[in-house]
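*Asks:* Starting off with a structure, shown below.
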């Protein structure tokens, strides 16, 4: 895969430039554009993934299906499709917006900061997973209600962005509705 960049944003969310992805994520990470996607199968189960230990931020942490950064000139929806192919080896239905204005800042135990405007999407797949070990070390298809209960009971066991997304009542409602409509 070619070198990825992040799209830097000002406080109003307006693009101001780009920076190489790995150079962008430091203890002083600038605000940038990302996306987060929750992927469901035909049974309405959510794919929960565990980030590879080689990941710079939050290695080994359980999270929602796929996250990433759109590239300059790339629509968020197209970036979701690209990363699902790259990380999971799957084709997906067109991503649907769940939480378009999600924004967060969090620091991992190693001091790496995520500082993102990060629209949240949901999509479906019927494809068999072909996991990219550089991205994902483990995965599990789970009932959404069980995952949400797990997040509520043990938020420390999941990525902070997943916890914050699930804490939004409207996003939670939309994810539940999405899971139920196979």
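Each residue, glycine too, has its Cβ placed from N, Cα and C.
The annotation Mn(2+) binding site is assigned in Swiss-Prot to 25, 32, 69, 114, 116. Taken from Swiss-Prot, the feature domain 'Nudix hydrolase' applies to 30-164. The annotation active site is assigned in Swiss-Prot to 67, 116 on the grounds of sequence analysis. Among the features that Swiss-Prot reports, Mg(2+) binding site is placed at 87, with the record citing sequence analysis.
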*Asks:* Per DSSP, what is the residue tally for the domain 'Nudix hydrolase' (30-164) in helix, strand and coil?
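*Replies:* For that range the per-state counts are 31 helix, 48 strand, 56 coil.
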*Asks:* For the domain 'Nudix hydrolase' (30-164), would you mind checking the mean pLDDT of the predicted model?
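*Replies:* Across the domain 'Nudix hydrolase' (30-164), the average pLDDT comes out at 97.
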*Asks:* Distance check, please: Cα of the residue listed as 'Mg(2+) binding site' against Cα of residue 114 (Mn(2+) binding site), rounded to an integer number of angstrom.
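*Replies:* Spelling it out, the Cα of the residue listed as 'Mg(2+) binding site' and the Cα of residue 114 (Mn(2+) binding site) are 20 Å apart.
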*Asks:* Please work out which residue of 114, 116 has the most C-beta neighbours within 10 angstroms of its C-beta, and give that one of the binding-site residues.
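*Replies:* Result for the most crowded candidate: 116.
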*Asks:* Using the centroid of the Cβ atoms of 25, 32, 69, 114, 116 as reference, list every other same-chain residue with Cβ within 8 Å of it (recorded Mn(2+) site), in sequence order.
*Replies:* 6, 21, 24, 29, 33, 34, 115, 118
*Asks:* Including all protein chains displayed, how many Cβ atoms other than that of residue 25 (Mn(2+) binding site) lie within 10 Å of its Cβ?
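*Replies:* There are 21 of them.
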